[in-house]
Amino acid sequence: MAEGRGSRERPDVETQKTELGALMGTTLQRGAQWYLIDSRWFKQWKKYVGFDSWDMYNVGEHNLFPGPIDNSGLFSDPESQTLKEHLIDELDYVLVPAEAWNKLLNWYGCVEGQQPIVRKVVEHGLFVKHCKVEVYLLELKLCENSDPTNVLSCHFSKADTIATIEKEMRKLFNIPAERETRLWNKYMSNTYEQLSKLDNTIQDAGLYQGQVLVIEPQNEDGTWPRQSLQSKSSTAPSRNFTTSSKPSASPYCSVSASLIANGDSTNSSGMHSSGVSRGGSGFSASYNCQEPPSPHIQPGLCGLGNLGNTCFMNSALQCLSNTAPLTEYFLKDEYEAEINRDNPLGMKGEIAEAYAELIKQMWSGRDTHVAPRMFKTQVGRFAPQFSGYQQQDSQELLAFILDGLHEDLNRVKKKPYLEPKDANGRPDAVVAKEAWENHRLRNDSVIVDTFHGLFKSTLVCPECAKVSVTFDPFCYLTLPLPLKKDRIMEVFLVPADPQCRPIQYRVTVPLMGAISDLCEALSKLSGIAAENMVVTDVYNHRFHKIFQMDEGLSHITPRDDIFVYEVCNTSMDGSECITLPVYFREKKSRPSSASSGAVLYGQPLLVSVPKHKLTLESLYQAVCDRISRYIKQPLPDEFLSSPLEPGACNGSRSSYEGDEEEEMDHQEEGKEQLSEVEGSGEDDQGDDHSESAQKVKGQPRHKRLFTFSLVNSCGTADINSLATDGKLLKLNSRSTLAIDWDSETRSLYFDEQESEACEKHLSMSQPQKKKKAAVALRECIELFTTMETLGEHDPWYCPTCKKHQQATKKFDLWSLPKILVVHLKRFSYNRYWRDKLDTVVEFPVRALNMSEFVCDRSARPYVYDLIAVSNHYGAMGVGHYTAYAKNRLNGKWYYFDDSSVSLASEDQIVTKAAYVLFYQRRDDECSSTSSLGSFPGSDGGVKLSSSHQGMGDEEAYNMDTN
């Protein structure tokens, strides 16, 4: 891809803004192509054209010119141009339709060597169609049947068909077009599934990240290499799938997909191959497995294979699997009589059936682990946000599963319309009973029986004191955590002393503080005055942003590389200094290009020069002094006859102090003159400058290491050149300079290793400030039930005042369910800041007494025991999910890490990773599910084994995150 084209093809900024603005609202259409652009380049373009009405400062000025499109910040490997993992839309990149991309490409070009990042729009959802751009393609492992060790990786869109894969594999393995082939999924060393429907898309086929596909060419005699293996694999005529060489009588293992096996398989999973029929569920209707469970496998201790960033799903499923009332409901096939296929809010019973089959497999006692591929496929059909292979939130998936199961199993076939009623002064008990009965008239399922409780919500108008009391059902409690007030930042301080390396510091600053707070904190550690600091965000060898002191720290994300420069506001003699950004560039010879033809490298500089001495010579010397630590000066015999000889500073259009500022409407015009040298002209700068020019004239000087260019703020486009006649340069605080090196000079005189070297301050090695002591779960509950005032953007409409009011609002708990799910709200974010609260929340493993938080004083005692925990390790958007769960059959705790299951002890469970807690209510009397459906809190629960004896030989487990 060529670099930027000439500016004559580029319309004025207003036209650009209008044309792109109209295109940015383009609706996503299936199969359409959209392009990724690095958000930093796009933000620079928006500033240049004044795209946002609130950011119109210096619109169209040359220093804001974005230069050619540069997506290098999105690549983990610049050679292969592979996208970094976990990129976030709008934060890391923007998506533009093809027409918008073509316009930008025509106007600005693209950095040399970069290919456009083009992606297709794919459609998700079975009933409600949802289009989205498929940013991350699916990686498949491809091999040929005769040489399974030669595996090639290829990327495909989920909208591609199986035929597309076959065509690519024929090409890769040199298989003639006339030769018949078959495609197989390879799940384990000996388990295969034939992909016979070539018109199926990858999404429909349920292929997942890293899936191995095998292409099998037909023998010349018309037989197939795998045919003999298939005939040996099974004797069951109704089943094309086996995971063992011996037949199985289990109808659960009989599915429609064609699978064969190469021999014995002890741990393979039937979940790989469950066929999905568009006209029905595609799952077996019962669980009457005749094959006895293994005596060595405890039912329920079944790991779940990671299908590609699906640890979040595995964690949620393990917690649900160990929720005894729900699991027993499915194992006893009670769900079959309650499936509601006609519920418009449901999923035709398919989520319930998929979940039932998975639970039966996990509790069969036959498998140490299974791959929940079909369950994930079913979830993705109805909830497109979970259909890909990017990390998701276990609590969000949990909420979808519970809601999906509820609607699929809702016993109410026709929901009545019910008018909501306010309390109007009636007793709470009356209003609560009415609200719960109305809820049950529309919602009656095992999920309601097991997980639903009742909130009391009280709103008070600040003007008329109107009190509104309502009661609403809930399925889980989302509890806020006390917010931390500080944040830890790691920054680099670049001292003014050129012989000092940059120093990395770790500082504590207010979470919602300003840049000035960062400078003050850094000043205390370094001894450098805060007023002499300039805070910058360095990205791709340039300043992405130079911050003002009053800007918020919320603009700085953990991903940013923050460099703080010590600058001189005044010189030694007290005169005012100007501080200029300076970039390093290696000049390339590109005479036909309107762009700079230069590549940025190294760490950018902020160079301070006295205004009254701002000549080219003094600027050159100031830069040389600033970089003296990592450059070598030329040898004495490397002289030039004059420091200002033509070509030394590629001067053309001079910039003089006192001249009227020139309008740079066409950068190309300036570019055409870069190689010319302007005459010295009239000396109107005074005797001092004339004398200075005479002083250096004729003196032998060292060979110049670099030349100067006045560039845009990205360093990607030349704007002007600098005067070579000793007169003062007309530069201001918005000017940006580049020092251009040729390749040979850079390799001879520039020390790359030393230029990147830095020191670490003691703050980096010292233990971080001890965090606040662990928070008790009761503190989170108290915070949840604390009265608050509604925000101005979230007011309440007062029926008495007839207007919206910032009322006070208070939540209370009225009744609690059998299974209490507690979601600890660890993730918080705003437009600029995304954070995870890693506070340790101390929650009881046994005897959590919630009675004191229930405002219904006539209610029974609410005492709970912990049964499962979903853990999250890492930061927001990345990391790894696991689970702790208590097996109901032996009363022991286990740690579930995808396919791995290991014994755990109670003292391992309470950690800062705990994210979702599952509690089961203690019941005074044993009651079965026949009591389900009564008022929450008034019924008993299913009494299960609750052995709390010693764990026995607990195993320490070291998590290996993916």
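Glycine residues also receive a Cβ, built from the backbone N, Cα and C atoms like all the rest.
Here the candidates are Ser7, Ser277, Ser592, Ser680, and Swiss-Prot annotates Ser680 as phosphoserine. Within the set Ser245, Ser274, Ser675, Ser945, Swiss-Prot records phosphoserine at Ser675. Taking the recorded positions Cys311, Cys461, Cys464, Cys798, Cys801 in turn and counting surrounding C-beta atoms within 10 angstroms, the largest count is reached at Cys311.
Residues 28, 34, 36, 83, 87, 89, 93, 95, 119-122, 151-159, 165, 202, 207-213, 388-390 of the same chain sit 6 or more residues outside the motif 'Nuclear export signal' (133-141) yet have a Cβ under 8 Å from a Cβ within it. For the motif 'Nuclear export signal' (133-141), the DSSP-based tally of helix, strand and coil residues reads 0 helix, 5 strand, 4 coil.
Apart from Cys461, Cys464, Cys798, Cys801, the Zn(2+) site neighbourhood in this chain, defined by C-beta within 8 angstroms of the site C-beta centre, holds Pro462, Glu463, Ala465, Lys466, Pro799, Thr800, Lys803, Gln805, Ala807. Calculated from their C-alpha atoms, the gap between Cys798 (Zn(2+) binding site) and His880 (active site, proton acceptor) amounts to 45 Å.
Straight-line distance linking the Cα atoms of Cys461 (Zn(2+) binding site) and Cys311 (active site, nucleophile), rounded to a whole number, equals 45 Å. Cys311 (active site, nucleophile) carries a helical DSSP state (H, G or I). Look at Cys798 (Zn(2+) binding site): DSSP puts it in a strand. Comparing the Cα of Cys311 (active site, nucleophile) with the Cα of every entry in Cys464, Cys801, His880, these being the recorded positions, the smallest distance points to His880. As a summary of secondary structure, the domain 'DUSP' (11-122) carries 39 helix, 25 strand, 48 coil according to DSSP. Annotated pair Cys801 (Zn(2+) binding site) and His880 (active site, proton acceptor), C-alpha to C-alpha distance, rounded: 50 Å.
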